[in-house]
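The following features are taken from TrEMBL:
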DOMAIN    267-379  domain 'ABC3 transporter permease C-terminal'
DOMAIN    723-829  domain 'ABC3 transporter permease C-terminal'
TRANSMEM  261-288  transmembrane segment
TRANSMEM  308-330  transmembrane segment
TRANSMEM  358-380  transmembrane segment
TRANSMEM  408-427  transmembrane segment
TRANSMEM  439-459  transmembrane segment
TRANSMEM  488-507  transmembrane segment
TRANSMEM  719-745  transmembrane segment
TRANSMEM  766-796  transmembrane segment
TRANSMEM  808-829  transmembrane segment
């Protein structure tokens, strides 16, 4: 049977090519998914500015979740370490120096505008030895108002020792004297501005922690030995980093990239597996239906069902092996492209190194071959088990009924789709997508399993409409769709799947984004919103705004994420949103009314909780709780108010001075301004603009400024959904094109017989185009219905009856479906109709 399988492949080039392309692309995308997963596990990032320190000590990599067996959740901000640790490590054997490193907002101002540079570019000159930087000219900064700039920045800004440069440091623009220009010993992407120790202490809040402790070694000391000695002297929660792990100490967001990358790899890899299995199964089913007469003759000549089954599976696996080999060669390039696209959008840090070792290709090859083998095994069963005489009779008109096992599996997946949709309705909006998302796949699988009977049913229901629209050609097309439903189902499956994934992913993302944006904005009320692009809003700017005519109150705002640690809120890897606000004594910026307690004198170590959260955790006003803030700081606070806010997006409210100090930039991000009674928002906005217009990087607007900041974070999450949707749709589209072409090309004899009976080429072509148009329409309807089982429950969970998103997405998907199906049919029809009909019949072409 293996030899026979090799022989038959020569005469089944069309179906074999379709399957080859499907498995090849699927394998390449699985290798890419595996590479993303390996990257998430390793989180390797080469150090640049800290590259001269073989060992770097940082704060904890994440919050150790209570009762979770040591599992950690990444902190939203850069975790910090006490600078006194450096003195403790200085005497460790092998340590030449332990230097605290800190980064703060420093952006040069050119012609009154901030440069578009990395924001956290300010450092203490003492940390220049961790690269190391060497002075090429001038001297180190020794007093206030002095700075050393890196050589690349000096060239770009045309500054030299003795010159003056204006830099916005910690949100405040100042003029500094350039005392020197420093050259790094290794490549460093980000600009660097080195200040004197006195200035650094002036810029940072009192008692500020270090971002990391860089350790330089004595000559001859071994990194591993010194790292072990350093670990022995440190508390267990601090992390000692060596090698490519040191990049996480320098670049923000490295540790936090693990979960998004794992989710991206898992969701995308799962979709690829499902698409590949469905496409391969549909292609094999189409091929088997075309060969029923041939397989029946094999059975009649003495071949057993097992032998026929083995031959079909062997044909599939031979093609699959060739496709896997080619797919493995393309997998690394596909992974590089997906990773570059993801980092380019800011979804994950660009400093992260893409990793794809031996495991992703091995796992992808195994998964692809297993998927193809299992799909081939199920698809070959009906042909192998059919009796020879029955198979010969069915060869002229293949049956549309599916097997009982297939019908049962379709019912199971359909029930699972409904169960997921119902469950999603009762979930919170932040977890609804995780529960409802798989409904797209389960629904698509149900349609694929039940495809022939479903298409036969829907083609019958639309037959009258097709006949009225297309005349006698429409009537013939409707008959063909019903009679050849099993054959056309192979085309229905990938098109339906592509539509379901496209609409489900995109509208899920837009619905979630709209709900999150509304939930965030509805918690605040402001007539004017001010923000800054130089790292944050300085306290001096808030004071200046508050003194503006017509301003009743100006409250700084900062957002982060963290946990209520005692009593533990159970948030796990999805921490609570933390809001830092200023005084609420005059005109409050919070919309939620106070249910109990008071928001007056809202300063110091205090907090206000949403009433539902307090009720769930049995917290009352006056109770002391412990917060785990975004940088890992464990902070006891006293609950002074409970807020009547039942929104799913309600967060814990803290004083802005407390929370901002525990964010990466250590500054608020916005100022919310309330107008005095009798002053309209427009006049107050103009007054604020006149007051702060000289400050570089400051933007004055309405709540749209606040919304744009929210959208930036949500756009990154949405972009991942769009990427998954685009890749899955492209894969499904390629599969649909191949399968459709094979389906049309396999009807040479039938179409030639129609031409011999009197039909013209134009009439046959018109019939085929009507068939493909109806098939595209049915696929679009089914895909939309499947997507509805994901999108509608998510909309309800978000507090809306209908999903949010542009209608243009649906129109674009609709256009894409018809632009895929109709032109491919036309091209395939042109190929089929080119030879003379009598020559096709004489050749015996299938």
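Any Cβ shown, glycine's included, is placed from N, Cα and C.
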By DSSP assignment, list the helix, strand and coil residue numbers for the domain 'ABC3 transporter permease C-terminal' (267-379), in that order.
94 helix, 0 strand, 19 coil
Do any residues of this chain, six or more beyond the ends of the transmembrane segment (719-745), have a C-beta under 8 angstroms from a C-beta of it, and if so which?
14-15, 17-18, 21-22, 25-26, 29, 260, 263-264, 267-268, 271-272, 275-276, 279, 282-283, 286-287, 338, 341-342, 345, 347, 487-488, 490-491, 493-495, 497-498, 501-502, 504-506, 508-509, 768, 772, 816, 820-821, 824-825, 827-829, 831-832
Most CB pairs under 8 Å with the transmembrane segment (358-380): which of 261-288, 408-427, 488-507, 766-796, 808-829?
261-288
Counting Cβ pairs under 8 Å that sit 6 or more residues apart, are there three or more between the transmembrane segment (808-829) and the transmembrane segment (261-288)?
no
What same-chain residues lie close to the transmembrane segment (488-507): Cβ under 8 Å, and 6 or more beyond its ends?
271, 274-275, 278-279, 281-283, 285-286, 437, 439-440, 443-444, 447-448, 451-452, 454-455, 481, 721-722, 724-725, 728-729, 732-733, 735-736, 739-740, 742-743, 771, 775-776, 778-780, 782-784, 786-787, 790-791, 803-805, 809-810, 813, 816-817, 820-821
Mind checking which residues of the chain, 6+ beyond the ends of the transmembrane segment (439-459), have their Cβ under 8 Å from one of its Cβ atoms?
270-271, 274, 278, 281-282, 400-402, 406-407, 409-411, 413-414, 416-417, 420-421, 424, 478, 481-482, 485-486, 488-489, 492-493, 496-497, 500-501, 504-505, 774-775, 778, 781-783, 785-787, 789-790, 793
Within-chain partners of the transmembrane segment (261-288) [C-beta distance under 8 Å, separation at least 6 from its ends]:
12, 15, 18-19, 22-23, 26, 29-30, 33-34, 36-37, 39-40, 295, 312, 316, 320, 342, 348, 367-368, 371-372, 374-376, 378-380, 382-383, 437, 441, 444-445, 448, 451, 486-487, 489-491, 493-494, 497, 501, 720, 723-724, 727-728, 731-732, 735, 738-739, 742-743, 746
Taking all residues of the domain 'ABC3 transporter permease C-terminal' (723-829) together, what is their mean pLDDT?
86
DSSP on the domain 'ABC3 transporter permease C-terminal' (723-829): how many residues come out helix, how many strand, how many coil?
92 helix, 0 strand, 15 coil
